[in-house]
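Notes for the one structure printed next.
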Amino acid sequence: MSRRTEIDVRPITEAEFPDWNRALNTGFLRPPAVAEEQLEARRNEFVPGRSLGAFDGDRCVATFRSFDQELTAVGGGLVRADAVSNVTVTATHRRRGLLTRMMAQDLAAAKERGDVVATLIAAEYRIYGRYGFGPATSMTEWAVDVPRAGLDPRWAAPEDGGRIDLVDGADVRRLGPELHERLRRAQPGAVSRTELWWRYRTGVIDWNGSPWTEPCYALYRSADGEVEGMASYRTDDRWGDAKQPLNTATVDWLLAVTPAAERALWHYLCSIDWVQTVKSGWRSPDDLLPHLLPDPRAARITTQADWLWVRILDVARALEARTYEGQGSVVLEVVDRGGLTGGRWRLEAGPDGASCAPTTESAHFVLDVGDLAALWLGDESAVRLAALGRVREERAGAARVVDALLRTSRRPWCPDMF
């Protein structure tokens, strides 16, 4: 067993990728060895300098990967993000500070590049707060009891003059990216997708080693013929003992840029013959789905959890990138144990724009950089955090001022796992 000081944390070379991938699979409790085809598919994600490994001798025992991403702020502003993924530490090498070393190295490089934030989807809640991340969006999954929903079983087409067609993977790759761009530029919390995302999700590339099964793809066009919505879903072909259909339609993803498209796609999914249950996939916690049904109680929440975590790397640029419905000012003291963006900042904000600059004035509101991340996209409440003792008012009423500036009328949402 090597001494802890001998474990080397560094960017991997392309030649080390197979060993890095073995360590990644081990950390995720998957079979360590994979077929050569799957390994080659995973190489598509390799970017020199952005995949880190911890090496005990010549064996990789921890993994970390990041890549360039854009995140949509409140109001539609796009900020540069360092997306963190593939974080593992082999069970034999835990509690040695390997993740801390990899995270520090990556965040320092992201700060140097000029990234405004870092992002990740946290597998475990208690890990990432220590690095300045905070839960900035959440997600909800619903299961719809179709017979109870109250929709007309004779439904055959959208009432608005639009239409729904079933398409194939080539159509999804052709039409999906532009549709997603329209959605994500209007949806705070949404992130950019690469061409690889679409190739992975339509079976062009085998990225997880499982046999590819083609899903169904439903496309919504408005009465004017414009593509405004798309969904990918699978059915399970399940029947009961009395020869009654008990099928479930599970949604992989659903994109809609208008309420009409969203309504039409959900109504279509809930009208498929033999389908008794529709599982929604990852949706916004204030998604319209339940209220698109005559009986909203037919949509039962099955999962509700934090989703996208954000680590602010530049307080001023992050706060200036978003819009504000209210008018006001507040002096924030941001505590950053990572030393990347702490300090005291005066935020002056209103509907016409915002400025955020360092100040020597007395603080009105003191908070950790992770809690600022939770507030930044508007999903969390400063008053709520104050009640929990996680933030501190230095001026009475400061939490209400922060909420008046940062809270939003619709909640942020990230549709993606990465």
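Note that Cβ sites are derived from N, Cα and C of the backbone, with glycine treated the same way.
Source: prediction; values computed, not measured.
Annotated in Swiss-Prot:
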ACT_SITE  TYR128  active site, proton donor
ACT_SITE  PHE418  active site, proton acceptor
BINDING   VAL87, THR88, VAL89, ARG95, ARG96, GLY97, LEU98, LEU99, THR100  acetyl-CoA binding site
DOMAIN    7-158  domain 'N-acetyltransferase'
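Features as recorded by Swiss-Prot, highlighted on the structure.
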residue : record                       : DSSP (3 states)
VAL87   : acetyl-CoA binding site      : strand
ARG96   : acetyl-CoA binding site      : coil
TYR128  : active site, proton donor    : helix
PHE418  : active site, proton acceptor : coil
For the recorded acetyl-CoA site formed by VAL87, THR88, VAL89, ARG95, ARG96, GLY97, LEU98, LEU99, THR100, name the remaining residues of the chain with Cβ within 8 Å of the site's Cβ center, in chain order.
-> ALA54, ALA62, HIS93, ARG94, ARG101, MET102
Relative to the Cβ position of the residue listed as 'active site, proton acceptor', how many further Cβ atoms are located within 10 Å?
-> 18
Kindly state the mean pLDDT of the domain 'N-acetyltransferase' (7-158) in the predicted structure.
-> 96
Cβ neighbours within the same chain of VAL87 (acetyl-CoA binding site) - under 8 Å, at least six residues apart | THR63, PHE64, ARG65, LEU99, MET102, LEU120, ALA123
Looking only at Cβ atoms, how many others are within 10 Å of the one on LEU98 (acetyl-CoA binding site)?
-> 24
When you measure from the Cβ of THR100 (acetyl-CoA binding site), how many other Cβ atoms are you left with inside 10 Å?
-> 12
Could you check which of the binding-site residues (VAL89, LEU98, THR100) sits closest to the residue listed as 'active site, proton acceptor', going Cα to Cα?
-> VAL89
Identify, in sequence order, the residues in the chain of VAL89 (acetyl-CoA binding site) that are 6 or more apart from it along the sequence and have a CB within less than 8 Å of its CB; answer 'none' if there are none.
-> GLY27, ALA54, VAL61, ALA62, LEU98, LEU99
